[in-house]
Amino acid sequence: MNRQESINSFNSDETSSLSDVESQQPQQYIPSESGSKSNMAPNQLKLTRTETVKSLQDMGVSSKAPVPDVNAPQSSKNKIFPEEYTLETPTGLVPVATLHSIGRTSTAISRTRTRQIDGASSPSSNEDALESDNNEKGKEGDSSGANDEAPDLDPEIEFVTFVTGDPENPHNWPAWIRWSYTVLLSILVICVAYGSACISGGLGTVEKKYHVGMEAAILSVSLMVIGFSLGPLIWSPVSDLYGRRVAYFVSMGLYVIFNIPCALAPNLGSLLACRFLCGVWSSSGLCLVGGSIADMFPSETRGKAIAFFAFAPYVGPVVGPLVNGFISVSTGRMDLIFWVNMAFAGVMWIISSAIPETYAPVILKRKAARLRKETGNPKIMTEQEAQGVSMGEMMRACLLRPLYFSVTEPVLVATCFYVCLIYSLLYAFFFAFPVIFGELYGYKDNLVGLMFIPIVIGALWALATTFYCENKYLQIVKQRKPTPEDRLLGAKIGAPFAAIALWILGATAYKHIIWVGPASAGLAFGFGMVLIYYSLNNYIIDCYVQYASSALATKVFLRSAGGAAFPLFTIQMYHKLNLHWGSWLLAFISTAMIALPFAFSYWGKGLRHKLSKKDYSIDSIE
């Protein structure tokens, strides 16, 4: 084969006439000054060297495709080159033909895509659409005759990767920059979570302005939390297609704008509608920041960084009544609460928009577009571009699969229920404390807000403890292959503290007992809730590693639903059951849930194999 007869110059024994020595030495692509011209004739294409079979094998690429990273695009399935977003190669280009030579073949989804382009039909069942993955080769839909006869991806396609030491790869950014971005993004989560509970420190101002009861005023909190559960349906696809930075810029910009009608709302209906939309817009901070942090750290070291993300959504709501109780008492103005919230959101909007793009698929997509322009080769692309992205795939990844998991995965549902309980209890505290410290002790909103400080202190204590848990996990990784159950140490430590906090709260809610008694319950609860969330979040990821985003979406929906529901009956519960039994009822439930992390630690693997329709966990990875 003559070099000038081929668009891509990949080297292999089957396709190259170069010498064996030359064919095993990949050459780095160097753009020319004329590379900016995109309308090149075929004989004017700038040829580039790409990876060979040997160079890929030397980097550990084998015939068996690994499970995609948790941050890989969810709209594409059965990738033949899932390491594209994490692997660095000397040339930055990997031909499909070379992958075929190694033993990687096009998958059912890519063949289906080709048939659709060619105009052929490709019917499949809903179950196949939801469950098709690398471990289901022998199932219906993956081994059909139609699939075997379908053509593979064009062998002249060249997949783009990061080059060795690529400064565009977020993993290669200096450590201080990555940790700085981690802290800033965690503050973004605190900002969003703060916004959900900001009005809880001044519900009396809502009652006074609109002449409504407390139950109606509480809806201004609940509806924003409900918005958190629906927003990911918008921002996850936007992030997959256009990147994290675009999603933050658009969503946080809308959030800032919609705080204006919240402050100026002429009636309660307008306020509630705008609060719901604020939840939808701002939810990008809750559903994408964990991914942004994971983008910047390899899987071996991202655990400690993710701990900051686990800390933020539980501390943010606590800051709401802490700050706005003083605004409510000193000014009595509801609108000022939203102006302060808008200012905080505006600052974080600017900061989040200034953080560079961290999502590897989008970075590589832009790099591929640049290389196509410089070389004139239209077949340089990412695997996501080669397979194509359809709205149907987006809907399956973002909506249908989470719903599917919620009815077919009992282990996931039980884990999500515990996360939902802890999150709901946090929002219950926002309305239990005003009853205990406001009605019993006679404190005003500003002093009631100060009672939330112990929760923050407990959460900070838990954040430090997550580093201990992470070090223990890394020790296990060095000794043997880890299991999802190894992630449960934090939950086993934190679960008793969350229950103890509620027992203390009920036992000390007497006027003759100094306020330190019930306030100290916040220390134990803050410590327990962060550890439980940190641990169970990692457990869900490891149990459903192949579809982690969908499993986490199920968690977000159930958690937000619980967080929205609990405030609606907390005050009535404390009034009907009294201050002691109101807390003890929740304490009984929390005490029963202590068994969950311990039970899963001992029997989790067996339960997953018996109760789950399929094993999605890291245990299934050879």
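Note: Cβ is positioned from N, Cα and C throughout, glycine not excepted.
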* Asked: Looking at Swiss-Prot, which of Ser19, Ser38, Ser132 is flagged as phosphoserine?
  -> Ser132
* From Thr98, Thr161, Thr331, Thr554, pick the one Swiss-Prot annotates as phosphothreonine? -> Thr98
* Do you know which of Ser55, Ser75, Ser617 is annotated phosphoserine by Swiss-Prot? -> Ser55
* Separation of alpha carbons, Thr98 (phosphothreonine) and Ser55 (phosphoserine) (Å) -> 10
* To do: With a 10 Å radius around each C-beta, find which of these modified residues (Ser55, Thr98) has the fewest other C-beta atoms nearby.
  => Ser55
* **Intrachain neighbours beyond the topological domain 'Extracellular' (267-275), with Cβ under 8 angstroms and 6 or more residues off its ends** => 199, 206, 210, 212, 216, 219-221, 223-224, 227, 258, 261
* **Within-chain partners of the topological domain 'Extracellular' (509-512) [C-beta distance under 8 Å, separation at least 6 from its ends]** => 436, 440-441, 518, 579-580, 583
